[in-house]
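*Asks:* Below you'll find the structure I mean.
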Amino acid sequence: MQQFAVFGHPIKHSQSPRIHRLFAQQTGIALSYEAMLAPLDDFPAFAMAFFQQGGRGANVTTPFKEQAWQMADVLTPRARLAGAVNTLHWQNARLLGDNTDGVGLVSDLHRLAMIGDASRVLLLGAGGAARGVILPLLEQGCRIALANRTHARAQALAAAFQAQGAIEALPYDALGTHTFDLIINATASGLQGELPPLPRSIIRPDCACYDMFYRAGATPFLAWVQQQGAVRLADGFGMLVAQAAHAFSLWHGIMPQIAPVLIQLRQEPVG
């Protein structure tokens, strides 16, 4: 039986084993998929031991995505630009690194009809979560504005993708003069209740709001935008299932159906 895993710290909350087992049932593929608590001080050795002992592939979550990027022998173009890897594939004694976060996000945005050609997108945050989704958004023709508490970080990130499409960095206090079709929160600090200093005026009924993170009930970001009048909003659970589907496809050569798994998981408690 092929062995797969997800590496993280913490990891007990991960939905990935459940998702991949449902994909396996759907496609008739026999596999083992486990959540593995990786040590903070020696992730590369831990990961390589898994592959040398027969592991075929692994998902990588916080805080190891940058280390996974560094240890990959081969990177896909989207992973190279993202500077982070969330999917590892052991092939012919070489480690391939990919990043399916961005394509997972775009897939979910299409499912929700939140994105279109030339959508004006405000992306909140300039860390790894934001960086991993910029290229797929630009490839959709989106025009991206980056906002971050440390404006210099947003400027540096925008500069890194300048050749790939329309992207700029805007300070929070300048956002009030702009209108957006979609606002995406890519700041994990929101889960602790820390909200970005957004001007209320940019939250309009026709502006969709998406939080890349999820938890049981509304995230603080989604609760806040709803209070400001937003009516089209979604959390990142659909993105999680979609990025997992693309990782599954990389490993097994077959794209599973996302919708049935998402429906089933939505009926189960979210950790």
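Glycine is treated like the rest: Cβ placed from N, Cα and C.
According to Swiss-Prot, the record shows the following:
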BINDING   S14, Q15, S16, T61, N86, D101, Y214  shikimate binding site
ACT_SITE  K65  active site, proton acceptor
BINDING   G125, A126, G127, G128, A129, N148, R149, T150, H151, A152, R153, M212, G236  NADP(+) binding site
*Asks:* Under 8 Å Cβ to Cβ from A129 (NADP(+) binding site), same chain, six or more residues apart: give me those in sequence order, or none if nothing qualifies.
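*Replies:* Spatial neighbours, sequence-distant, of A129 (NADP(+) binding site): D101, A186, T187, A188, M212.
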*Asks:* Of the recorded positions Q15, K65, N86, which one sits closest to R153 (NADP(+) binding site) when you measure Cα to Cα?
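*Replies:* So, spelling it out, the nearest of the recorded positions is K65.
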*Asks:* Going by C-alpha positions, which of the binding-site residues (R149, H151, G236) is nearest T61 (shikimate binding site)?
*Replies:* G236
*Asks:* Taking only the Cα atoms, work out how far S16 (shikimate binding site) lies from G236 (NADP(+) binding site), in Å, as a whole number.
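*Replies:* For S16 (shikimate binding site) versus G236 (NADP(+) binding site), the Cα atoms are 14 Å apart.
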*Asks:* Taking only the Cα atoms, work out how far H151 (NADP(+) binding site) lies from K65 (active site, proton acceptor), in Å, as a whole number.
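*Replies:* Cα to Cα, H151 (NADP(+) binding site) and K65 (active site, proton acceptor) are separated by 23 Å.
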*Asks:* For the recorded shikimate site formed by S14, Q15, S16, T61, N86, D101, Y214, name the remaining residues of the chain with Cβ within 8 Å of the site's Cβ center, in chain order.
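*Replies:* In sequence order, the nearby non-listed residues are V6, G8, N59, L240, Q243, A244.
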*Asks:* So among the binding-site residues S14, D101, R153, Y214, G236, who's got the most Cβ atoms within 10 Å?
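*Replies:* Counting Cβ neighbours within 10 Å, the top one is D101.
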*Asks:* Could you state the whole-number distance in Å separating the C-alpha atoms of Q15 (shikimate binding site) and G236 (NADP(+) binding site)?
*Replies:* 12
*Asks:* Please find which two of S14, Q15, S16, T61, N86, D101, Y214 have the most distant C-alpha atoms, given that the record lists them as binding shikimate, and give only that distance in angstrom, rounded to a whole number.
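*Replies:* Binding-site diameter by Cα atoms for shikimate: 17 Å.
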*Asks:* Reported as an integer number of Å, what is the Cα distance between G125 (NADP(+) binding site) and Y214 (shikimate binding site)?
*Replies:* 16
*Asks:* In Å, how large is the greatest distance between any two Cα atoms among G125, A126, G127, G128, A129, N148, R149, T150, H151, A152, R153, M212, G236, the listed binders of NADP(+)?
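*Replies:* That value is 27 Å for the farthest Cα pair.
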*Asks:* Taking only the Cα atoms, work out how far R149 (NADP(+) binding site) lies from N86 (shikimate binding site), in Å, as a whole number.
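*Replies:* R149 (NADP(+) binding site) and N86 (shikimate binding site) have their Cα atoms 25 Å apart.
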*Asks:* Out of S14, K65, N86, point to the one nearest G236 (NADP(+) binding site) in space (Cα versus Cα); all of them are recorded positions in the record.
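*Replies:* Nearest listed residue in space: S14.
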